[in-house]
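J.: The substrate binding site feature in TrEMBL is assigned to SER68, ASN120, GLU165, ASN172, TYR196, TYR248, VAL266.
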Amino acid sequence: MGCQTDQELLGIIEQVKPLAARGKVADYIPALQAADQSNVSAAVFHITRGRDACVSAGDIEQKFTLQSISKVIVLALALIDQGYTNVFQKVGMEPTGDPYNSMIKLETSSHSKPLNPMINAGALAVTSMVRGDSPDERWRRILHFVQCLLGGKAIGYNKEVADSEYKTTDLNRSLCYFMKQHGVIDGDVDELIDVYTKQCAIEMNCLDLSRIAAVFANNGRDPQSGNILIDEEIARICKTFMVTCGMYNASGEFAIKVGIPAKSGVSGGIMAVVPGKLGIGIFSPALDERGNSIAGAEILKIMAKKYHFSIF
Ligand code: DON
């Protein structure tokens with residue numbers, strides 16, 4: 001399916017471009033440093049417009065890795081695989097107000113349960129719950145699920161980014177060892193880190209991301225085939241987490257100023273969902289101090305105002 005350039009979206013991108021110079025590309029995963037700080041692209045996928053569903057602007061061919069955006073998708077898969085009770089026995093539902101890789105609440109929360117599935121500790125626990133007889137099968141099921149959300153498109157992952165994170169992610173390893181000691185996860189930590197770093201390195205462009213967002217906007221139904229890909233109730237849970245925890249410890253401010261369920265990643269991607277209407281995929285790698293794309297968040301703020309997209 002083609003994707004027409006949209007002049008209004010292009011205008012918004014031109015407006016926010018100067019902001020990108022103020023942010024900083026993530027460098028704690030060494031391979032992410034290579035990103036071009038000036039890049040900005042966005043795509044919108046309408047759930048009811050058939051062949052004209054998609055509009056975009058900017059460097060639409062530019063691929064990026066999902067990073068934390070994968071947390072929403074893998075949560076959906078774990079809920080499909082294990083059900084509500086099993087998943088939420090191990091992971092909570094409350095925002096933390098702390099950075100995404102923080103350890104502090106693990107020690108103070110009851111049963112050492114990670115507070116929610118959008119922080120690294122919670123996401124690692126969720127990834128460990130994906131069904132599969134081996135880490136490799138779990139990984140293949142995650143990738144296959146993402147491909148299903150893309151209407152069967154054969155996307156892959158960026159091995160350099162995955163390897164780079166695998167080699168350096170001792171903080172995530174420490175979260176896992178802590179949770180293993182306290183019975184939140186079991187199994188081999190390095191094997192879990194391997195699946196998690198690959199899931200974070202799944203690579204696509206913002207048009208692809210807008211299509212995944214559109215599935216959530218459409219209550220879990222594929223906007224093109226009409227097939228149910230995610231149970232409506234699971235899609236609802238995922239969107240709610242996007243509101244309460246999707247922009248990390250900036251989620252409260254984002255809900256007030258923008259009011260669109262959204263999930264960011266340190267690569268500079270943002271997936272945003274306007275329920276019943278459309279999905280949005282954005283890429284711009286320069287981040288603010290809390291790890292959200294500076295220009296990306298501003299695009300959503302402008303769109304929310306202009307098109308009355310706030311859900312509140
Ligand atoms: O685990 C990590 O630190 C990264 N793979 C993902 C973190 C992330 O995207 C947080 N985003 N703001």
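Each residue, glycine too, has its Cβ placed from N, Cα and C.
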J.: Could you check the binding-site residues GLU165, TYR196 and say which one's CB has the most other CB atoms within 10 Å?
T.: TYR196
J.: Need the DSSP three-state call for ASN172 (substrate binding site) to compare against my parser.
T.: helix
J.: Let me know how many other Cβ atoms fall within 10 Å of the Cβ of SER68 (substrate binding site).
T.: 25
J.: Relative to the Cβ position of ASN120 (substrate binding site), how many further Cβ atoms are located within 10 Å?
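T.: ASN120 (substrate binding site): 22 neighbouring Cβ atoms within 10 Å.
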